[in-house]
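Quick look at what TrEMBL lists:
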{"type": "DOMAIN", "residues": "27-420", "note": "domain 'Amino acid transporter transmembrane'"}
{"type": "TRANSMEM", "residues": "30-51", "note": "transmembrane segment"}
{"type": "TRANSMEM", "residues": "57-80", "note": "transmembrane segment"}
{"type": "TRANSMEM", "residues": "109-128", "note": "transmembrane segment"}
{"type": "TRANSMEM", "residues": "148-167", "note": "transmembrane segment"}
{"type": "TRANSMEM", "residues": "174-195", "note": "transmembrane segment"}
{"type": "TRANSMEM", "residues": "215-233", "note": "transmembrane segment"}
{"type": "TRANSMEM", "residues": "254-276", "note": "transmembrane segment"}
{"type": "TRANSMEM", "residues": "296-321", "note": "transmembrane segment"}
{"type": "TRANSMEM", "residues": "341-361", "note": "transmembrane segment"}
{"type": "TRANSMEM", "residues": "367-387", "note": "transmembrane segment"}
{"type": "TRANSMEM", "residues": "399-424", "note": "transmembrane segment"}
Amino acid sequence: MATDNRNEVEDDKLTVEVPETAHQISTDSWFQAGFVLTTGINSVFVLGYSGTIMVPLGWIGGVVGLLLATMVSLYANMLVAKLHEFGGKRHIRYRDLAAQIYGRKAYSITWALQYVNLFMINIGYLILGGSALKACYVLFEDDHTMKLPYFIAIAGFVCTLFAIATPHLSSLRVWLGCSTVLSLIYIIVACVLAAKDGTNASSRDYSIPGSSTSRIFTTIGASANLVFAFNTGMLPEIQATVRQPAVKNMLKALYFQFTVGVVPMYAVTFIGYWAYGSSTSTYLLNSVSGPVWVKAAANISAFLQSVIALHIFASPTYEYLDTKFGIRGSALKLKNLSFRIGARGGYLAISTLVSALLPFLGDFESLTGALSTFPLTFILANHMYLVAKQDKLSYLQKLWHWLNVAFFGLMSIAATVAALRLIAVDSKEYHVFADL
């Protein structure tokens, strides 16, 4: 149900203004929000962390890095969650929060950072969904007639159908349960088959590959993957769906995400690396051996889960389009249905084309993470909290937040350099519409 910018809600005797939106606000429990966050953290991306995090960092760097990234990410997200009602208004979009604190110029900058970040995440889901379908196909056929771009196109078509049938983030209710089951299928299969392979293997090589120079860049890139693993870049949009008290309930959802929610991700990441060492694939199901039907089920589950997860990260774009063009009322109205087919279909058609054109876009994911994920999740979170609460913070607290801003600013610059180097190296090896 649409809300009007004159509407207000009562929260602990404080009147909080709710901005205009075509999507639902304050309808979901903290538990549902926790499952939305957990769906993101245990999406099909987890099947790559053994190869993209553990291989470049090794046991000590990988384990310590994941634990530190968990704590730092929880802290940064808590800062953003606590600012949700800053100034007596619910900030249901990241750009709205930035504009409230910094002024209107920050609105456009934050909007650009966030939507580039979410677009690239969705590109990743399309590539991974297509890769999962291809991995299933090659289990039964070895003629290589079907190339990766074809499977990415199929993934894009299925995502379009799902986007048309699911009008907004709150309507994912039953699908979040399906997503959890699907995640458990491919995570359990990957863990069990990898553990079996690891038990039967005589020895593994855990040395960090590459020369001294290349290790520096891969370590920085892996650090960017560490923070990417835990952060959505759209926390205010998810918090907007939570019932009052919005801040308290969102903190509960974050505690759920960073305790119960991280266990499956830790398990598949560590077991995969333990089983295969430095030879671990960037898509773990390509490394495991076992019954064909079991691997097929895991790959199909990974594909279907990527469809649901993509919808979560595309929802801010859908909300913007629906609100701008006044799409309200029943989702089945001919006008609303036609608009979703045209707008969402067009958005996903462009996303699918880019995914198929550049299926090695993982390199560009690292660049986007450096240019937008670091700033959105860590630099902005700390600085916004510093500006918003400056009169209530002690000198040491202010110093702490400034240190965070400086450190993650340097990390963003370093990760950008590392990503550009990786793009330069890989651009000599791959071509457009490549069958990877």
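Including glycine, each Cβ sits where the backbone N, Cα and C put it.
These figures come from a predicted structure and were not determined experimentally.
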Checklist outcome for this item: In the same chain, residues at least 6 away from the ends of the transmembrane segment (367-387) whose Cβ sits under 8 Å of its Cβ atoms read 72-73, 76-77, 79-80, 82-83, 94, 97-98, 101-102, 110, 113-114, 116-117, 120, 224-225, 227-228, 231, 233, 393, 398, 401-402, 404-405, 408-409, 411-413, 415-416, 418-420, 423
Checklist entry - Do any residues of this chain, six or more beyond the ends of the transmembrane segment (296-321), have a C-beta under 8 angstroms from a C-beta of it, and if so which? => result 21-23, 36, 39-40, 43-44, 47, 93, 114-115, 118-119, 121-122, 125-126, 128-129, 132-133, 135-136, 139-140, 155, 158-159, 162-163, 166, 168-169, 172, 175-176, 178-179, 182-183, 185-186, 189-190, 232, 234, 237, 285, 327, 339, 343-344, 347-348
Item to check | Stretch-level contact, the transmembrane segment (109-128) and the transmembrane segment (341-361), CB cutoff 8 A, at least 3 pairs | outcome: yes
Next on the checklist: So if I exclude everything within five residues of the ends of the transmembrane segment (148-167), which remaining residues of that chain have a CB under 8 angstroms from its CBs? That is, six or more out.
Outcome noted: 125-127, 129-131, 133-134, 137, 175, 303, 306-308, 310-311, 314, 318, 331, 336-337, 340-341, 344-345, 348-349, 351-352, 355-357, 359, 433-436
Item to check | Recorded stretch, among 57-80, 254-276, 341-361, 399-424, maximising Cβ pairs under 8 Å relative to the transmembrane segment (30-51) | outcome: 254-276
Checklist outcome for this item: Stretch winning on C-beta pairs under 8 A with the transmembrane segment (399-424) (pool: 57-80, 215-233, 254-276, 341-361) is 215-233
Next on the checklist: Pairs 6 or more apart in sequence, C-beta under 8 angstroms, 3 or more of them: is that satisfied by the transmembrane segment (57-80) and the transmembrane segment (341-361)?
Outcome noted: no
Checklist outcome for this item: Per the Cβ filter (under 8 Å) with a sequence gap of at least 6 from its ends, the transmembrane segment (215-233) is approached by 37, 40-41, 45-46, 49, 52-53, 56-57, 61-62, 65-66, 68-70, 72-74, 76-77, 94, 114, 117-118, 121, 208, 258, 262, 265, 312-313, 365-366, 369-370, 372-374, 376-378, 411, 414-415, 417-419, 421-422
